Every structure is written in C-alpha cells, then in structure tokens.
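Peer 1: Following this message is one structure expressed as structure tokens.
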Amino acid sequence: QAPIKATCEDLSCKTGFPEDVHSAVVSRSVHGGQPLLNVRFRSCDGNKKIHFGSSEPEDFRVGEDGVVYAERSFQLSAEPTEFVVSAQDKETQQEWQMRVKLTPEPAFTEASEKDQRKIEEIIFPWQQYKHSSPLKRQKRDWVIPPINLPENSKGPFPQELVRIRSDRDKSLSLRYSVTGPGADQPPTGIFIINPISGQLSVTKPLDREQIASFHLRAHAVDVNGNQVENPIDIVINVIDMNDNRPEFLHQVWNGTVPEGSKPGTYVMTVTAIDADDPNAQNGMLRYRILSQAPSSPSPNMFTINNETGDIITVAAGLDREKVQQYTLIIQATDMEGNPTYGLSNTATAVIAVTDVNDNPPEFTAMTFYGEVPENRVDVIVANLTVTDKDQPHTPAWNALYRMTGGDPTGRFTILTDPNSNDGLVTVVKPIDFETNRMFVLTVAAENQVPLAKGIQHPPQSTATVSITVIDVNEPPYFVPNPKLVRQEEGLMAGSMLTTFTAQDPDRYMQQTSLRYSKLSDPANWLKIDPVNGQITTTAVLDRESIYVQNNMYNATFLASDNGIPPMSGTGTLQIYLLDINDNAPQVHPKEATTCETLQPNAINITAVDPDIDPNAGPFAFELPDTPASIKRNWTIVRISGDHAQLSLRIRFLEAGIYDVPIVITDSGNPHASSTSLLKVKVCQCDLNGDCTDVDRIVGAGLGTGAIIAILLCIIILLILVLMFVVWMKRRDKERQAKQLLIDPEDDVRDNILKYDEEGGGEEDQDYDLSQLQQPDTLEPDAIKPVGIRRLDERPIHAEPQYPVRSAAPHPGDIGDFINEGLKAADNDPTAPPYDSLLVFDYEGSGSTAGSLSSLNSSSSGGEQDYDYLNDWGPRFKKLADMYGGGDD
C-alpha cells in the first residue's frame, strides 16, 4: 500500500491528482485481483462522476474508489514498472493523468526492516487556547485521507496502521484514544490505540461483507483529562477481496417458449448474486451457457446475455412434437467472467416447449362404414378416428366434426369423444328402410383453435361415411288412427258397424296377412273379425251408458303380424252416438213437503230426461184423470220448459203422506212420456210456512234406511251391555279363585290373637278339667250351637255332620273319637282346601310341669352374685333389682 500523507488544503481548490508521479513499493509476486495501491484524486465539486482508467488494462485495473488492482498474476522485474492512471469527468469529458511507478520490494535487511517499521503519523492541527491572551487565527483542520485496509489479512496481529500525535506532546504529557464502531462501540476491540504513543492498530482480520468501512474519532487529552486537540475523524475502508462465489437465486429455473418461435424470442431470465463489492470486479458477474440437452436440432438453440442473464432463442426449429423440453446448464462467474481468477457457480434452466396448433387433425381412413337398424335413435353408427400431433387434451388437439353433405334432413349428428378425440356419428331422427336404405355422408374435422400462422397444412381434413340401414320388422299401423264412426244409439246386437284395418310397413318382408283382436271394449259392445277387421255389435249401443263420455265411445283394437319377432300395432275406434228418444222424462225431486192449507202450498218440480235436445225439453206436465182425487186435490202449472209448480186445489188437506202421479212428456219425435210418483208430505205449518207437526212428520218421514240405522244402534248397545255383564261375572270368578289360593301364611285365621291376660299357671286357676275328660256330660245349653264358629274362622259352606261321641265311663276312647273325626273331615266334599280349625274336648290328665308359683327363689342360688345384671341394660333392670339388691 502506498504511504498516506496528510496535506493541508489551500484556500483555492484545484481538481486533479495531487502529484504527477506516484511511486509505490509492492511485492515481487503479484496475483490477479490483488490491490496494489490507492491513487488520490481531489474533486472540488463532490458531484462530479470520475471514471478511472489504466494505460495497461491487461495488467492493471483502477476501481471507482481509486484502488489499483492487478488484473492478472505476474512477477515484477527488478526494474520499476510504470503505467499511467487517467481520470475523466463523464459529463465534461475533462481528463487528468498521473504516472505510477511500481518498485519491487528489496531483499530483507535490518535497514529495510527499520524502513518498514516507519509508520505514518497523523498530527493534530494546532488551535488557539483559552490561556493565550492575544487572539490568533485558528489553523484550518487537516483533511485526513481514508485508510484502505484489505479484508481477510493474515496478520500478524495486532497490525499497526497509523500513529496519532499532537505537536503539543513536547510540552505536555498527553493521552490518546479512539472512539466509534469498532473501537469502543460494537463491534468493540477491532481497533486499539496506544494511549502514550498514539499507535493505532487492528487486532483481527476484517470482512468487507459484514462492515465495509469504519468511522473512528481520535482524541488527545492531558493527564487531567482536559481536551488538548480537537477530535479528528479517521475513515478506514475495507478493501474487497474476491472471497465469495456467485449464488443463483434458484438452483433450477423453469421457463417456456412456444414452438416455432423465431430467433431472438425472449424465454426467461436467470439471476445470481455475489456478496463481494458489486462496484468492483469481485462482484461483477458474467453469465454463459455451458451445455444444452438435447442438442437437436442445433446444439446452440439458446443464448444468454452475459450481463443481464436474459435467455433468448438464436436458432429456428423449435418443434414440441420432436423435443418437448431443453435443459441448460448456466454458469455465473465473477471478476467480469475471468475464467482464470473469477469464482463460478452453476444452475439449471429447464425450458419447456409449449404447443401451438401447427398440426391439423387427419382422418386415419378416407372412408368409414357403419350400419343402423331402422327407426332407432340415439345410436352410434360409426367411429371416426383422427390423429393430431399436437399436445393431447388441448384446444390445439381437440377435434370438432361437422357434416358437409349427404344428410339434408338432419338425421345424423357427430359428437366428439373427450377422451379419444374420436367422432361419434349418432342417429337423432328415425330412419325408414323402405324410404332410405343407405346414406353417404361427407364429414370434416378441424381443431377448436385455428392453425398457427405460417403453417402450410390445410386447416381441416375430410372423409366419407357410408351408413347402411338394416330392415327390421315394424309394427302394423291402422289407417286412420283414430277412426271416427257416427252411429245412432239403439243399434241392435249383431249389426255390422264398420271395418277397421291396418297396414304393414314392411314391403320387403315375406309375411302373411294381419290378424286382428280386441284390446279394449269397456261396455263389451263390439267384436272384430280376426281376418278382415269387420266390426259388429254384440249388444245394443246406448248413448246414455256410463262408458260414453260426451257422446263418444272409445274401443281399442290390435293388429299383429307373424314376423320375427312378431310385432303388433293398436288402433282406436271412436263411435260418436247420435241420440234417439229412447228415455222418458222423470220428476225431480221424488219427495216434497207442503202445508195443509191452501197458502202457501206451492211445490217446484223439475223434469229430468237422459236424452239430449231435441229429444228432451221443453216438457209438458199434467195430472192423470184417475184417480179422481188427484185433480180434485191438486193442480199443476208449467212455469218453464223444464220446471212446473204443484199446489193444492182445495183449501185444506189433512196432514199425511200422499203419492201424486204426474205425467211428463218430452219434445221428441215421437214423444216419450211417463207417469212419475211424487211423494208429498202434508203437515201443519206456522205463519212462515214451516212444519210444526214434528211428531207426525218425523214418524211419517222415517224411511227404510233410517229404521235400519236405528235398529243397528240398538243391537250394538245390547251387545255392549251383554259383554259388560259377562266380563263382571268372569271377574268375580277370578277373584274367588284367587282367594282360595291364598297362602296359609297370609290367611287371617293364622294371625296371632292377643288376649288380655295369661294367668298364673295351672295351679293358680280354678279350671274344671273333668269337662275336658267327659265333654258329653256338659249341659245342652252349654254346647256350641251348629254353625257358630270363632270370629277368625272363615265360614264357607254348611256345617258338616261329624260323628258325635257317645257317653262313655272311661276316657280311653278319645283316640277313636279323634280318628273318626279326622276321617270324616277328609271325606267331607264340602270341606275347604285348607285346614279348618278342629276343636277337641280333651287335652289329657294332669301336667308333668310344676307350678311356677312353687319355685323358691330364696332357697336356690342364694349365694350367687347377680350384680352383672345391671350391666345388661334397662331390659334386665327389674331382675337386677330383684336379685342384685342384697338383703332387700
């Protein structure tokens, strides 16, 4: 590195190099990219853009910051190497030059070591002090040029940089220090200064990629800490070394280019970055393509802009149908692409050739064949196959088919199979073999999108489709269908009505004549001849039948052939029945009500005739001559063509039900008349004309239906009552049976009977035991009467007759008496199914047990201690008092 000198700026600034010749001592061995020295250029206008150049560009390069680098590796000769460094203002084109002389380092000697140890000094500028009485003009601050320090230096460390000193150190004892990032601020400890000598040193290698420059401030103070000099700024620039390889942003880059693209078509851009200084050669990258796979149709189908990384096509012939993808190996090299000194890295660029419609669809055959049975629709009759070299399932590959001739009536259509791209010829309208036996269609196929420009192929392909129609057995058909016949009703059975025949459309099939049969005849009025189709009646045709709607009667017939398979067709015969006057009118309603008196007593009636005009109304109403009471009591007046009014002729008619015959005649030709009975109920009425004789009206008004309904209700009610009675009786029986099956433990007779006193023993009671030994000697009035039992004994049946023991002088027969009584009880059919209480007269003579009263408590156990009874609780307190109380 060239020595750095501090110079004082004059009052007038002069732009240019500070010296005409700059000498520097460098090592004999110089390697490419090595910084050699730093040339200083003074620019009075800081905005000028200065470009440095070298007269020996193949050996030396000058950076934008004035650092001179070796362009290649070489050995310096013993003689000094000279070259010219130029600086040019880019705006004014003004140029300055300085000659640089490089001298190789001499052999190592002590003298040279001493010279080597000479470190540049930076002297603080002097200033006016406060204790100086006269005023003096302060000298302007020094302009300290930056210190350039290469990164990744190998030491040894600490490495001395410069010496800071003040010219006041001759008279004062000073202390030096530096502050700023790298000194006392993070990262701390990189730069240190000797406080006595002012020697500034670096302690470790620097990394420009982390910190490109350091801005320090040097201070000089006396021993008391008083500032002696103004702080000066020291800038340390870290000179970049080529220690970082280029790195691509992506290891694999993907791009596309349409096939058939012209040379110069942009494809994609690849980008790499270098952590080194982008303004120096270390960070200036250059791109190039190392390889291309495949190498057809040319090994150089693409090129890359060595500065921007843009990839473009340079040759024609991109064809996706031949090569669908290219793989390029891209290399990025720093040092402006210098293959000797630059560092390199590679990435992969994958370029897919996209499809364009440069191949039209082509039919695989000139003629396609198919067949279809007649009268069939939605049937695929032929598959049209095409080939297309474009990418499948894209608009450039999908085929569209259309018919250009041979189908004027539109009986066919062509659909595209989305998977196979085949054309499916489909029948959409029925075809009659007897009319058309064959179709020859002309079809064309083209893509969904038009062909790309410049393609010489025709845009579509054509072919012929020959379709044969197959004759099948068709069903016969009636002509006309339906067939309308007008016929008057009343046509007698066995009359010929009409002939209804069918035709067979199969003119080219050998078949026998058709056979006819009846399919539907709701009223069963007709029959058809199976051979000639003649229809005759089997019953009288009646227009008023329920099977006739709007004068129309419909019957369906079947015509069948003997083809394979047999076919049949149906035909409908519609018979329009003309009305004749075959129905007499009737009165409506059949029943009416009126009052006993003359006013009000009008009854409105209507004539009903199933026939239609002119065999219906207007109608004539009249009363018959017989019996004579009809016209005497009643009168009828016609009020319209279909209505009349019946009323009393006399002032009063006794309440009751009267049958009034009315003769009604229609307007037909000839006329038809009938006598209809009108049941008239005559009742007493109030002022409003409403019946008040309710009992008589109700009694007279009960019809057969009402009577039957009442009888049904009565019968249902009786059945319900009978079912209830039967249910109650069954419930009583179940209750009795349940009581008989009661468990003996649950029987009330087995409950414990509590009596008021127990007695004091056999000897304490005055009982006459002879009564038990001789029960028959008791007085008759003392004997328990028959039927008298204990209160806890359940009475069920009459008293059984058990044997009575006769009087005997000796009680030894008591055993025989008991056995006889037991046998009688076992054989008694009226005895209940459980044990009854049997009372016996005799218990035995005497007692082996002594009387409790004869126990002498004081004579036995007198010396026994009964005090423990007190510990047994309150239940034994009485015994404890009796036996444990001592003498008491």
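Placement of Cβ uses the backbone N, Cα and C atoms for every residue, glycine included.
So TrEMBL has the following annotated:
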type	residues	note
COMPBIAS	758-767	compositional bias 'Acidic residues'
COMPBIAS	845-862	compositional bias 'Low complexity'
DOMAIN	141-248	domain 'Cadherin'
DOMAIN	249-363	domain 'Cadherin'
DOMAIN	364-478	domain 'Cadherin'
DOMAIN	479-587	domain 'Cadherin'
DOMAIN	586-692	domain 'Cadherin'
REGION	757-776	region 'Disordered'
REGION	845-866	region 'Disordered'
TRANSMEM	706-728	transmembrane segment
Peer 1: Using DSSP, how many residues in the domain 'Cadherin' (141-248) fall into helix, strand and coil?
Peer 2: 4 helix, 49 strand, 55 coil
Peer 1: Can you break down the domain 'Cadherin' (586-692) into helix, strand and coil residue counts using DSSP?
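Peer 2: The domain 'Cadherin' (586-692) comes out at 6 helix, 53 strand, 48 coil.
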Peer 1: Given the model, what does the mean pLDDT over the domain 'Cadherin' (586-692) come out as?
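Peer 2: The answer is 83, the mean pLDDT of the model over that range.
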Peer 1: Per DSSP, what is the residue count of the domain 'Cadherin' (249-363) in each of helix, strand and coil?
Peer 2: 6 helix, 50 strand, 59 coil
Peer 1: Counting by DSSP, what is the helix, strand and coil composition of the domain 'Cadherin' (364-478)?
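Peer 2: Split by secondary structure, the domain 'Cadherin' (364-478) comes out as 0 helix, 54 strand, 61 coil.
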